[in-house]
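**Student:** Just passing along the structure, written as structure tokens.
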Protein chains: 2
Amino acid sequence: MQRALTLAQGAAEQGEVPVGAVVVHRNTIVGEGANSPRARHDPTAHAEIIAMRAAAGRLGQERLTDCDLWVTLEPCPMCAGAIMHARITRLYFAAPDPKGGAVIHGPRLFDRPECLHRPEIYSGMREAEAADLLRTFFKARR
Amino acid sequence: MQRALTLAQGAAEQGEVPVGAVVVHRNTIVGEGANSPRARHDPTAHAEIIAMRAAAGRLGQERLTDCDLWVTLEPCPMCAGAIMHARITRLYFAAPDPKGGAVIHGPRLFDRPECLHRPEIYSGMREAEAADLLRTFFKARR
């Protein structure tokens, strides 16, 4: 999660909402991403999507079986859907997102009957730091 | 929708689930995609995601304001979430997807209270052709 927090901090410095993510496969980081839709001109460029695309490309496979995703914020519906498609084994997220989250808030996609793959879900590690990055970012923009 | 169907047919010929999508901006196609997670080693490579990323890149902006998305199948949670982030104006889909759809089935993401952007939604045009492509594809695989 330290690496994900560092990536989030880097996003903030670029004027992007500070969220960072890494994909870990057998104790090695195989993909990482910092939220960057503005810089990339890409509405799908959330940290999780970038990290999972990088990991799948590196591993040369469609799915991320045996991979864990660490992210500083609760994933949104787009990213939760991508986590399902990728068959991520364990999802670790730092801060909850009551407004935009889709894991323990809103549609709670992994708890729905039609959900095809539910990762193990762990949350709250480094939560204060991840939330503080977001709070500071939005406060400065007001 | 004709172009989206042609892209779906192309996906089938590559052994990918046949779904195609195009993004239209002022009567011009500015992005298109054929479902291709296997070939691209990318779990997020659904037709809609590819088409929206291409369109945003071409237009040089984070959002697809004033753009319409035409897709041969009802979008899944990942793609519906991306449609929200992209602020697509109108969504046209051909065939419904009772198992994986997230627009008029499952979580119905655009009807949820926390949904930040709901496109106008139209469905059913060229439905028989789009559904037939999928039926034929899955039948041949059994």
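A Cβ is built for glycine as well, from the same backbone N, Cα and C atoms used for every other residue.
Because TrEMBL annotations are produced automatically, they should be read as predictions rather than curated entries.
From a predicted model like this one, the values you see are computed outputs, not experimental measurements.
The following feature annotations were taken from TrEMBL:
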- A:Glu48: active site, proton donor (ACT_SITE)
- A:His46, A:Cys76, A:Cys79: Zn(2+) binding site (BINDING)
- A:1-104: domain 'CMP/dCMP-type deaminase' (DOMAIN)
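Buried or exposed, and what's around them? Tell me for each listed feature.
**Tutor:** Its Cβ taken as reference, A:Glu48 (active site, proton donor) is surrounded by 33 other Cβ atoms within 10 Å in the chains shown.
Under a cutoff of 8 A between CB atoms, and with a sequence separation of 6+ in the same chain, the neighbours of A:Cys76 (Zn(2+) binding site) are A:His46, A:Asp97, A:Gly100, A:Gly101, A:Ala102.
Here the domain 'CMP/dCMP-type deaminase' (A:1-104) has, by DSSP, the following mix of helix, strand and coil residues: 39 helix, 26 strand, 39 coil.
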**Student:** Could you tally the C-beta atoms, other than its own, that fall within 10 angstroms of the C-beta of A:Cys79 (Zn(2+) binding site)?
**Tutor:** 34
**Student:** Take the Cβ of A:His46 (Zn(2+) binding site) and count every other Cβ within 10 Å, whichever protein chain it belongs to.
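**Tutor:** For A:His46 (Zn(2+) binding site), the count of other Cβ atoms within 10 Å is 28.
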**Student:** Can you tell me the CA-to-CA distance separating A:Glu48 (active site, proton donor) and A:Cys79 (Zn(2+) binding site), as a whole number of Å?
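**Tutor:** Rounded to a whole number, the Cα-Cα distance is 6 Å.
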